[in-house]
Amino acid sequence: MIYLKSEILRIKEEALKNLRELESTEALQELKVKILGKKGSLTAMLRQMGSLSPEERPIMGQVVNEVRTRLEQAWEERSAELDAMALQRRLATERIDITLPGTRISRGHIHPLTQVIEEIEDIFLGMGFQIAEGPEIESDYYNFEALNLPKEHPAREMQDSFYITEEILLRTQTSPVQVRTMEKLHPQLPVKIIAPGKVYRNDDDATHSPMFHQVEGLVVDQGIRMSDLKGILLNFSREMFGESREIRLRPSFFPFTEPSAEVDVSCMLCGGSGCRLCKGTGWIEILGSGMVHPKVLEMGGYNPQAVTGFAFGMGVERIAILKYGIEDMRLLFDNDLRFLQQF
Ligand code: 2U9
């Protein structure tokens, strides 16, 4: 019995020592099996109690129970310590520095050309115009014939066109939209529309792109005069390029307007005194315009004896270039973020 007792106490002391040294919950579990498991050392001691006398048995039973209670308590304590240590380790390695700057979420914005189109639309909406749209693939009739450009008319060659068949082409201007609108509305008055959109011409250099954008306008009513045209375009120029802008009209020629005029705005860079941008003239051409040709009114379904109208057209890329001082029109189509992010 003496041997048994000292052996049990030795197992206890060794277990407590191991317990203090082990570093993980897995090692803790292993140790528990080694001592209290089926083949554990303390379990083996309990089996040997069969060889003791009836008087010795309860005394040894008490010793074993005390040892078991002591070990279980020590286990719980060490287990709690190990859990706390593991938590400390996680807190140290997974620490988040909430003072670090965050990653910026970059936000897109509207393309500068679309911004300019929307600005032009806003200005004309403010003057009571409506916005009209139409197909980019057009018939020869709407793109040319109805605009007083019959077949073999030399002005057709002014713009090299992209033909799909003999009769179908990519529109070279947004004018067919106005023709279609007149056809649809006549004999209602007034017609007061702008037609923004993409147009296509066989051109490609620093100032011409095979696809570009136009905004054209058309007003038809009784008693429309050239002074109405001038007033609308002066107001547009001032809203677009600044309150102090002036405009001037120079005689020109377009097959669909008579008389026709090119419109210059006083230079937005020098104010009119002459500089590099306006090549010393003080004026910059921004659009073409004129009184709608009687034949064009007639083909749109209106009586040119009873109504008159004015029309104008501008290239949006040109307006954008002038407004923002862009050097090469192709920058507007390259989609280089270093360029686009400036707007
Ligand atoms: C209808 C009647 C008349 C539209 C007009 C211009 C003058 C013009 C150019 C400006 C620069 C084209 O983009 S550009 O190359 N446009 O000069 N456009 S009058 O006249 C019309 C349109 C439709 C029914």
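We count from 1, first residue shown onward.
Placed from the backbone N, Cα and C atoms, the Cβ positions cover glycine too.
Looking at 5-32, 33-60, 145-172, the stretch flagged in TrEMBL as coiled coil turns out to be 5-32.
Tertiary neighbourhood of the coiled coil (5-32): same-chain residues 41-42, 45, 60, 63-64, 67, 70-71, 74-75, 78-79, 82-83, 86, selected by CB-CB distance under 8 Å and a gap of 6+ residues from either end. In the three-state DSSP reading, Glu258 (Mg(2+) binding site) counts as strand.
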